[in-house]
Amino acid sequence: MERSEAYGFSGAMSGAFLLSCLLFAAVSRRLRGPYMDEVFHVPQAQAYCHGRFLQWDPMITTLPGLYLLSVGVVKPVAWLLGWTGSVVCSVGMLRFINLLFSAGNFYLLYLLLLKIHQKNKAVSGFQRILSALTLAMFPTLYFFTFLYYTDPGSVFFTLFAYLMCLYGNHKTSALLGFCGFMFRQTNIVWTVFCAGNVVAEKLNEAWKTELQKKKDEKFSSRKGSFSDLTRILQFLIKYLISPKNLVTLTALTWPYIILVIVFFCFVFINGGIVVGDRSSHEACLHFPQLFYFLSFTGFFSFPHLLTPTKIRKFILLLRKHPLQYSLITAISLFLIWKFTYVHKYLLADNRHYTFYVWRKVFQRHELVKYILVPFYVFAGWTFADTLKSKSIFWILMYFVCLLAVTVPQKLLEFRYFILPFLIYRLNIPFPSIYRQLLELAFYITVNAVTFYLFLNRTFQWADSDEIQRFMW
């Protein structure tokens, strides 16, 4: 990192943290007590603060990583500063933990951009800083910086594990992956993703050797056809059934394998992936979640995905391959028809934006969910098109993890899309500075509207005296 870039990054990070502190103060003044899921998280952390580690709220569905870390940070700080009484592990003190995670996420995002795109000499330091700032301000994640939720810590440990994986520190990566798992059980998928990075790299090396042996330049230039995919899958099967290759891959990924084994032991002993209240978190094959994620990504990455060039290219592909896209459309229609689920929380809780998305869009008419399929197909194509700089094995591995982390979820919840979105966004090529600035301006605008509604547009339910607020 050059000195000018180091100064620029320090300035951007300091400025963002100062802005977050000011916003944190505003939220704390308006919202002094626990809100939404904080009603469960805050008392649980406070119980740990008082040494009651066997106390557990059965409504909490995640493991106690957030509470253990909070106690591990807050108690020593309180002792050093001489704080006693209610200020220790107060709502504000616990929320501040996530503000620290937010600063850590900013730094990790920058380091990941630096590592992933290190071979691209055309990328300037300003672009890296701008992208890191933009992703640190990603609205769905940034909002939960100011509440005592698991999301900022979950993202922190997962991104940290990914960074260590890219640097080849796999034992450290697996340990950090365990920390991420302790924040949210589904983060085990991103441990598999880290192992998949190692496997994809080895597969890509072997594939290049295979092509070089056959001197099949014509094939390698026709990337993306059906015959290409068939040959790649044949190669993949042949490679993975080789005992020698399996031993090599096991030797490289054993820390992740151990963690996955620990995960399956936990699921067996616990009787499922969810701890506490399982009645509202039942797994199912909810394939339309993939379409919702693609729409979510299209919305928050429109400067990269919704360009005139991409639209023209997509139309040309429709004309060139009508049968292929007709088949994709038919499969999408079938998946929506047979596998659409509507969670009771989605219909009942009018504090979340998903409630209004569902009511204003999907509930307008029974046919709306089918009419949206062409948009899903375009979103899926442009999403995949932006990843074409990655190897085919990396793309396959990412899509498997994406399906694993989204499809089993019955509830449409934007928070579930944070990690797959960030990993996608980190790995696409850098756009022009103009598009980066447009993306940052869009995120700032969405954040401003979100916090305005949350702080100022309160309402009450007919059967409750509590103040309700709009949120992600």
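Glycine too: its Cβ is placed from the backbone N, Cα and C atoms.
Per TrEMBL, the feature transmembrane segment maps to 6-27 (among others).
As annotated by TrEMBL, transmembrane segment applies to 60-81 (among others). Taking Cβ pairs closer than 8 Å, the transmembrane segment (60-81) reaches residues 40-41, 44-45, 48-49, 87-89, 93-94, 97, 100, 148, 150, 153, 179-185, 274-278, 281 in its own chain, all 6 or more past its ends.
According to TrEMBL, the transmembrane segment annotation covers 93-114 (among others).
Look at TrEMBL and you will find 126-149 (among others) tagged as transmembrane segment.
The transmembrane segment annotation in TrEMBL covers 155-183 (among others).
Residues 170-171, 173-175, 177-178, 181, 185, 188, 191-192, 194-195, 198-199, 202, 240 of the same chain lie 6 or more positions beyond the ends of the transmembrane segment (246-269) yet place their CB under 8 Å from a CB of it. The transmembrane segment annotation in TrEMBL covers 246-269 (among others).
Taken from TrEMBL, the feature transmembrane segment applies to 289-306 (among others).
Residues annotated as transmembrane segment in TrEMBL: 327-347 (among others). Beyond the transmembrane segment (327-347), the same-chain residues lying 6 or more positions past its ends with a Cβ under 8 Å from any Cβ of the stretch are 280, 284-288, 291, 354-355, 358, 369-370, 373-374, 376-377, 380, 410-412.
For the transmembrane segment (367-384), the residues of the chain that approach it from at least six positions outside its boundaries are 288, 291, 294-295, 297-298, 305-306, 310-311, 314, 317, 325, 328-329, 332-333, 336-337, 340, 361, 395, 424, judged by C-beta separation under 8 angstroms. Per TrEMBL, transmembrane segment is recorded for 367-384 (among others).
Feature annotation from TrEMBL assigns transmembrane segment to 391-408 (among others).
As annotated by TrEMBL, transmembrane segment applies to 437-455 (among others).
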Stretch with greatest number of CB pairs under 8 Å, the transmembrane segment (391-408) reference, 93-114, 126-149, 289-306, 437-455 candidates: 289-306
Long-range environment of the transmembrane segment (155-183) - Cβ separation under 8 angstroms, sequence gap at least 6: 62-66, 68, 101, 104-105, 108-109, 111-112, 115-116, 141, 190-191, 193-194, 197-198, 252-253, 255-256, 258-259, 262-263, 418-419, 422-423
Paired segments the transmembrane segment (437-455) and the transmembrane segment (6-27) in contact, 3+ CB pairs under 8 A: yes
Sequence-remote partners of the transmembrane segment (6-27) [C-beta within less than 8 Å, at least six residues beyond its ends]: 95-96, 99, 102-103, 106-107, 110, 125-126, 128-129, 132-133, 136-137, 145-147, 451, 454-455
